[in-house]
């Protein structure tokens with residue numbers, strides 16, 4: 001099967017062509033909502049530049065499609081996590097936007113980054129030395145961001161490294177420092193003392209480095225106020241509809257609608273065991289539906305415990321299987337739900353954040369875990 005033969009086919013991240021008819025589930029992605037979320041964030045930032053974080057294949061939604069939509073809103077800076085993501089994104093968006101590799105470049109991969117026109121994020125003295133060698137080999141200045149560890153203890157130059165560089169006037173020769181940046185650990189908790197501690201540490205560390213624009217705010221950091229905005233904000237989760245202000249109404253539009261197909265319906269009697277391990281036994285006659293969707297599609301076994309059909313909640317019964325989930329559809333009129341019908345897993349009845357709450361995780365994990373077997377349907381954009 002190929003797209004020329006089947007115009008409804010949609011390539012997944014694995015390259016599989018999955019038509020709507022062939023897929024077990026449909027993932028609808030609203031690019032128009034992503035664009036509106038970007039506009040809302042830009043409005044909060046005033047004149048501050050706003051990038052787009054499209055790592056992990058655009059949080060599982062398709063980095064190339066998301067970046068193209070954001071480009072139409074004027075976004076010209078993107079962040080990915082890995083060099084491979086950056087190379088793929090460069091092929092998708094062309095030569096225009098700047099693309100930064102957040103995790104830094106693996107040793108020896110610098111020529112690939114230079115060839116793809118990527119901007120290194122320098123997280124250590126060793127990476128700085130390697131990027132300077134790349135400058136020498138390229139025979140020209142190369143762009144980079146310098147990331148400092150302001151208190152998250154994850155990525156970035158340690159304070160001692162920054163202090164050592166402060167007295168070395170030649171340390172950054174040949175490097176076009178686009179930004180000095182850091183990352184907030186607790187921005188989704190506005191009253192957490194670490195936010196202000198990190199902001200002050202960031203100001204102290206960047207003052208030791210060559211003068212350059214600064215970037216600190218992630219999605220939630222934007223909502224901490226102008227003192228966190230600096231010259232560039234780097235929203236990711238908020239673009240995709242995840243609430244950047246937990247505990248408050250979500251200021252972002254929802255972006256995804258996930259529906260799974262009913263593979264089979266049946267009636268069972270009291271006492272019948274359901275699913276692997278017979279972890280549930282019917283306490284009376286039940287109507288069941290099995291959907292073609294499971295943990296191989298990224299739905300964690302601990303994730304939200306119900307689907308929805310026409311506003312009616314359909315609880316999961318038994319364990320989530322690799323390719324299927326069993327629903328209790330007894331609340332529906334007999335025959336109302338049939339094979340091939342679609343039930344909602346994410347959408348108006350159950351947001352990404354709702355599903356994450358049921359699973360004891362965060363919306364980022366729900367989206368980034370979504371697998372490649374869906375038919376992906378893009379609207380808007």
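Positions of Cβ are set from backbone N, Cα and C atoms, glycine also.
Bear in mind that the values here come from a model prediction, so they are computed numbers and not experimental data.
Feature annotations, reproduced from Swiss-Prot:
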- 55: active site, proton acceptor (ACT_SITE)
- 276: active site, proton acceptor (ACT_SITE)
- 154, 322: substrate binding site (BINDING)
- 55: N6-(pyridoxal phosphate)lysine (MOD_RES)
Can you check which residues sit near residue 276 (active site, proton acceptor), meaning Cβ under 8 Å from its Cβ, same chain, 6 or more apart in sequence, and list them in order?
318, 319, 321
Of 55, 154 (the recorded positions), the residue whose Cβ has the fewest other Cβ atoms within 10 Å:
154
Taking the Cβ of residue 322 (substrate binding site) as the centre, how many other Cβ atoms fall within a 10 Å radius?
9
Three-state secondary structure, which DSSP defines for residue 322 (substrate binding site):
coil
Would you mind reading off the Cα separation of residue 154 (substrate binding site) from residue 55 (active site, proton acceptor), to the nearest angstrom?
17
Take the C-alpha atoms of residue 322 (substrate binding site) and residue 55 (active site, proton acceptor) and report the distance between them in angstrom, rounded.
26
